[in-house]
Amino acid sequence: METGNQTHAQEFLLLGFSATSEIQFILFGLFLSMYLVTFTGNLLIILAICSDSHLHTPMYFFLSNLSFADLCFTSTTVPKMLLNILTQNKFITYAGCLSQIFFFTSFGCLDNLLLTVMAYDRFVAVCHPLHYTVIMNPQLCGLLVLGSWCISVMGSLLETLTVLRLSFCTEMEIPHFFCDLLEVLKLACSDTFINNVVIYFATGVLGVISFTGIFFSYYKIVFSILRISSAGRKHKAFSTCGSHLSVVTLFYGTGFGVYLSSAATPSSRTSLVASVMYTMVTPMLNPFIYSLRNTDMKRALGRLLSRATFFNGDITAGLS
């Protein structure tokens, strides 16, 4: 790349959704509503699982971690975007940009790995039901989640640290609403070969592990279900995996959509819309997917809300 006019970045300009003030106001209301729904939905899932002993099982343990990852994944970018729209100040500091890259990559990778772990959990539940509690013991569940966290943090840290070696040109505009790593690399004047190698290697390894794990799990699940003679047992087995399969399809479908939109057209607006689907819509829908058709989860949420209402009533009565 060109080496002239290099500088150490102090701040970047997030162009985001360039629109009139009226449209910006509408976007602020829309994104704030989506964020509040996402935050509340995932927080309720976590609280319901923690407060209900009936949900202290491997499946719900992984689900609570997924909800936490989704909550943090969205919180990494959306609050800053809302602040930028509200104040009309679209600048982000260099340190803030690196922080966004690190946490966005960490929680995105964690989402990916947790979905793979949950696919393995469903495989054991359907294909080895009699040995489920022995195989999916608390020690293994803890190690799977801890391993997912470690891989996510280490991979993200490596990608973020490679950005520190870069010098940037005078053009500091990012055509996005957050510090997307690939967009930041495009602004660098110094050589980004090492950065690209790290990104594509990490993405490739993670993609192969996740795709292989999920594909193998559901390959075995489908063949196990087809061998079941009872229609009722078949339906129960399918319903056990339905929510997870829906979330997997939504997660990878929107992620693949972001990639295709970036590769097919240079339009930043198309990429922005695809990124909103990936960073906001998917985490917002996950709590609904896991709770609407899950009787145990709906009961736990009902008990949680009942206790909250009762507690609020006691406080109100005490103050009056």
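Glycine is treated like the rest: Cβ placed from N, Cα and C.
Membrane topology of Cys50 relative to Asp121, as recorded in Swiss-Prot: same side. All protein chains included, Cys97 (disulfide bond) registers 23 other Cβ atoms within 10 Å of its own Cβ. In summary, the transmembrane segment (272-292) does not lie against the transmembrane segment (140-160): fewer than three C-beta pairs, each 6 or more positions apart in sequence, are under 8 Å. Below 8 angstroms of C-beta separation, residues 111-112, 115, 118-119, 122, 125-126, 214, 218, 221, 225, 271, 274-275, 277-278, 281-282, 285-286, 289-290, 293-294 of the same chain, each at least six residues beyond the ends of the transmembrane segment (238-258), sit close to that stretch. For Cys189 (disulfide bond), the count of additional Cβ atoms within 10 Å of its Cβ stands at 18 [all protein chains shown].
Contact check: the transmembrane segment (100-120) against the transmembrane segment (198-217) gives at least three Cβ pairs closer than 8 Å, residues 6 or more apart, which meets the contact criterion. Residue counts for the topological domain 'Extracellular' (76-99) under DSSP, split into helix (H, G, I), strand (E, B) and coil, are 16 helix, 3 strand, 5 coil.
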